[in-house]
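Colleague: Below you will find the structure I want to go over with you.
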Amino acid sequence: MRGPSWSRPRPLLLLLLLLSPWPVWAQVSATASPSGSLGAPDCPEVCTCVPGGLASCSALSLPAVPPGLSLRLRALLLDHNRVRALPPGAFAGAGALQRLDLRENGLHSVHVRAFWGLGALQLLDLSANQLEALAPGTFAPLRALRNLSLAGNRLARLEPAALGALPLLRSLSLQDNELAALAPGLLGRLPALDALHLRGNPWGCGCALRPLCAWLRRHPLPASEAETVLCVWPGRLTLSPLTAFSDAAFSHCAQPLALRDLAVVYTLGPASFLVSLASCLALGSGLTACRARRRRLRTAALRPPRPPDPNPDPDPHGCASPADPGSPAAAAQA
């Protein structure tokens, strides 16, 4: 009688032993490699990536945006590097990016097409750089943008065309720049804006500040910030808070052209409009002169005549008047 045989279960047991830890090995291999070169093909090689689409490339002294960006990226941290300029298509391939951090890079140049393809971007941080100007259309592709920080740059002027129409933008940080006023029409293209950070700028309290003050009356700043948004000129208004100015304070400022007037200028053209304006001025001056002359004539007609002088003055040359009976001419006539 043969004893029990274990030859048949052994292959099955070995197979179970080999297969049982496989999910653990797979999980370890997928999560233990932080860089793109070790198990994360959608991550730039020099960066550290974590599940959820976050790529951290902070403080690596990078001179440019690293290659290898993919559609799986949701957040890209490039702060504290040396990215001095953003060329066209700098973030090609990252069309699903929602957050982009470019703080403290010494950035001084942004190409007008640098952000093309980032239609899903919601947060853009360009603070603490060296930007002095932004080309028209720079942010035009960012239709989903909700938070934009330009704080701590060297911006002396911000044109409406640079921001473009950002219908979802809710927060705009402009503090610590060199802004004396905001260009007319800039805030009007940001219908969802409800947080505007302005402190640390040399605001000039003149007529150019009227649109900003009107916006601040509709969207009051927090008390802590309202006390720090101050005028630096003219002298009599130095250190006056912007929130203290009512619309009556700008009553001496010329009103901008209405839409109807702008439509007339556009239809006629600049040259034709100037000719028409000169003709209207000449016609108005002529009518005013005619009315003044008519008024003088009417006043003269209503004035009573002067009575005759009973004692006329003698002729200044010593000659007798023809009506004087003692004159030689009167004697000859007699």
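Note: Cβ is positioned from N, Cα and C throughout, glycine not excepted.
Pulled these features from Swiss-Prot for this protein:
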- 304-313: compositional bias 'Pro residues' (COMPBIAS)
- 320-334: compositional bias 'Low complexity' (COMPBIAS)
- 34-71: domain 'LRRNT' (DOMAIN)
- 201-255: domain 'LRRCT' (DOMAIN)
- ASN147: N-linked glycosylation site (CARBOHYD)
- 72-93: repeat 'LRR 1' (REPEAT)
- 96-117: repeat 'LRR 2' (REPEAT)
- 120-141: repeat 'LRR 3' (REPEAT)
- 144-167: repeat 'LRR 4' (REPEAT)
- 168-190: repeat 'LRR 5' (REPEAT)
- 27-261: topological domain 'Extracellular' (TOPO_DOM)
- 262-282: transmembrane segment (TRANSMEM)
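Explain the structural surroundings of these features, please.
Modeller: Here the domain 'LRRNT' (34-71) returns a mean pLDDT of 82 for the predicted model.
Residue counts for the domain 'LRRCT' (201-255) under DSSP (helix as H, G, I; strand as E, B; rest coil) come to 26 helix, 7 strand, 22 coil.
Within the same chain, the residues at least 6 positions away from ASN147 (N-linked glycosylation site) whose Cβ sits under 8 Å from its Cβ are GLN122, LEU123, LEU124, LEU169, ARG170, SER171, listed in sequence order.
Secondary structure of the repeat 'LRR 1' (72-93), assigned with DSSP and counted as helix (H, G, I), strand (E, B) and coil, comes to 0 helix, 5 strand, 17 coil.
Broken down with DSSP, the repeat 'LRR 4' (144-167) shows 4 helix, 3 strand, 17 coil.
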